[in-house]
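A quick write-up on the structure given underneath.
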């Protein structure tokens, strides 16, 4: 094959490949990226994520469930009024369940204030409530006489202890990692949209026009004609 023809074919191939690559870059849809950004920002504007809302609901369930068990205990041990006066007014650390109820109220107030009102993204608040709950319940089980008062002497401390640690697990392994992942996705989409905005719009095929390939036969005929004319010019 003629070297001139090979050069022309290589140039044409390079022009077509560059045209295709520019068309691929232009195919990025900035409107689609902006739609994704708006969806992420809409989640932020809701004020609280879905997984954090679930956590707050579980904290509320913790308080209500412990309260329900305490009310049942009051009814079982001689009526609400008499037992309430005995456990609250005449409070005794060694025999009363009222402090376990107050412990649930403490967890509810601290966690809702930290993770619903202040929208804290750290584990220190849940670590505080879980540490206080664990230490208090362990001390109460060791020093008090709850086990001699029936089934509730076992149920209330165990349930309160388990709920506190379930809240810790849920926040540390579900809420915080998922929110961090959502934030990283938002940053990636925003970065992609900024790069897409730098691409010039309105690119048309006419801006990347490449001349049609010339016929190989015409080039060879032109060279033969020039060679045949040289002897005539010498004569």
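From the backbone N, Cα and C atoms, a Cβ is placed for every residue, glycine too.
Keep in mind that TrEMBL annotations are predicted by a computer and have not been checked by a curator.
Cross-referencing 96-116, 180-200, 201-221 with TrEMBL places the feature transmembrane segment at 96-116. The stretch that TrEMBL tags with transmembrane segment, taken from the ranges 77-94, 149-166, is 149-166.
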